[in-house]
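**Q** Here it is, the structure in full.
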Amino acid sequence: MKSAIEVRHLVKNFEYYKKEIGMRQSLKNLFFREKLVKEAVNNVSFSIAEGEVVGFLGPNGAGKSTTLKMLSGILHPTSGSVNVFGYTPWERKKQFKQIFSIVMGQKSQLWPDLPAGESIFLNKCIYQVPDADYRRTLDELSELLDVKELLGVQVRRLSFGERMKMELIASLIHKPKLMFLDEPTIGLDIISQRAVRNFLKYYNEQYRATVILTSHYMRDIEDLCPRAILINSGTIVYDGELKKINTHQDEKKLIKLHFSEYTTLELLKEFGDVKEFDGFYAEIEVKKEEVRVSMQHFLYRFPVVDFTIEELTIEEGIAKLYRGSA
Amino acid sequence: MNFVIEMRRHLYILMLFAKNSIISQMEYRANFVTGIFVEAAFLVAKLLYVVVVYKTNIHIDGLTPDTILMFMGTHILLTGIYMGLFFNNFQRLTEYVRTGMLDLMIVKPISLQFLVSVRHIEVGMPIPNIIAGSIMVSIGWSASDIPFTLLNILLFIIFIFIATILTYCIMIIPPLLSFWFVNTSAASEISYSVWDANNMPKLIYNKWIQRIGTFIIPVFIVTNYAPLIVLHKLTKVEMVWGILAPLIFFMLIRMLWKQALKYIAVQTCNFGCLRKGEEESL
């Protein structure tokens, strides 16, 4: 498959000043500032094929947004190279800007006092979309997102979910073949989240658009991204199929137990890693080969009234990777 | 050819910005009307200078109170143009840098400098200044017996256009410095003071201040050259400088702009380190 994005040994360091608490420190800061360097992205390499949807995951401050900003040309890297559809992003060529779009869940490009249609039309002019294409795309996207009737409503009168849908239309009016989505579902209710996810899935399938998605909602990632890149402290800790994230971990199962009487934590600890406990309920991570023996002990020694044995969730696997790399 | 097409596109988008701004501002009727009244009140304060000039019958190096009125009118007219086109945008520029909103603008396939410079056009507040400035220029023009010819009107308009470009170049410097220093309100205050001190002919200042205000920070060209050209008091050297200055200063500002953008993209975390919630945005 043709490569859309090639990232090689990308590094981004930021300089900042130390700022401590208190008036004395502020006065000191006025004359002398201690310079610190933050390694936001450290030797990151990956490639993404055309039409691929990749989840870009990591805890706060991991380097996700910084990487996205370098891929979209907002930031220059300290070193390394990036090739996006043949362009070097930070050269910011007009032709490059025409082929992608960036959606940031926490920032809006719409004019709040105007109907969303006006902002979308403004984008049509900025991206030089021909009239016929504009009308066709606007009809298609607004119908898909079920907001056609709302194009004439002032943005500030729309709900948060409706506003995000309008953001998506404004961002996609020029039919980009690459989308950077930085937490597009943040703050949305479950129904709006699902609508946005379905729409993104449709857009990717219909137009073979390459998508890089960052989100803290695992549902977004699980629904949309067959592949995940995990970044922590500026370094990639996993790059591969999302569903295989757990195979990189110790082979474990999660046993959930309900007790009829109060049980002590100490007794459970000898069987594995107790993830949750409240006296009447416990979640314990147990090695796969020990599940059978452990279950016998639980049923024999504890007042178990109900139990389930489950695979570890992807979320748990990701959390383990974060912890392991930290 | 490409340049012409791009110019037309930018002009069209400028018209859209103007339309969107008008619609937005008229949404808040009370604020719209109050803005006009507040600016009208400021204007009345400025007009007290006119009273003083006429009461004292002041003459500055051959300039009568009537001709001085033209200078003052030009200053007020340019204040209106500055407030209408740039003031709002320059104020927001600092915010764009601080909040990271610039991110969404950088990726648009249009000149970023154009986008942030004229995105929000103010409609209400400049009205009193533009009307009063135009009336003062007309009265001064007529009372000074300047022939009302097409050439004179054209020359005056050309120098108002030049003054607009120079106003842009001078007043964008403090907000542009925010790319490096984030908070540049002190520099903005200085620029406003310099601007306000420019409401009289430059001849009231000594030679050195005149030279600095003409060649280094060309604030005197803004208010003086349009009236001087129709009064036939602009020397050939001044005329040539008046035409060259906007080109030179616009190029300098363009270079400064590119440096500012480079700085935030390369040297600092800008959108991260200096903002609230810095770690989250890295």
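Residue positions begin at 1 at the first shown residue.
Cβ from N, Cα, C; glycine included.
The shown structure was predicted, so the numbers you read here are calculated from the model rather than taken from an experiment.
The transmembrane segment annotation in TrEMBL covers B:32-56, B:68-90, B:150-173, B:179-196, B:208-227, B:239-257.
I'd like to know what surrounds each of these features in this structure.
**A** Remote same-chain partners of the transmembrane segment (B:32-56), defined as residues 6 or more beyond its termini with a Cβ less than 8 Å from a stretch Cβ, comprise 25-26, 65, 68-69, 72, 76, 83, 123-129, 132, 136, 199-200.
Same-chain residues lying 6 or more positions outside the transmembrane segment (B:68-90) and placing a CB less than 8 Å from one of its CB atoms are 39, 43, 46, 49-50, 53, 58, 60, 116-123, 125-130, 132-141, 143-144, 160, 163-164, 167-168, 171-172, 174-175, 195, 198-201, 222-224, 226-227, 231.
Sequence-distant neighbours of the transmembrane segment (B:150-173) (same chain, 6+ residues past either end, Cβ-Cβ under 8 Å): 74, 77-78, 81-82, 85-87, 90, 93, 117, 137, 187, 191, 194-195, 217-219, 221-223, 225-227, 229-230, 242-243, 245-246, 249-250, 252-253, 256.
Same-chain residues lying 6 or more positions outside the transmembrane segment (B:179-196) and placing a CB less than 8 Å from one of its CB atoms are 79, 82, 94, 97-98, 170-171, 173, 217, 219, 260-261, 263-264, 270, 274.
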**Q** Please report, as numbers and ranges, the same-chain residues at least 6 past the borders of the transmembrane segment (B:208-227) whose CB is under 8 Å from any CB of it.
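**A** Those are 67, 70-71, 74-75, 78, 137, 140, 156, 159-160, 162-163, 166-167, 169-170, 194-195, 198-199, 201-202, 234, 238, 241-242, 245, 249, in sequence order.
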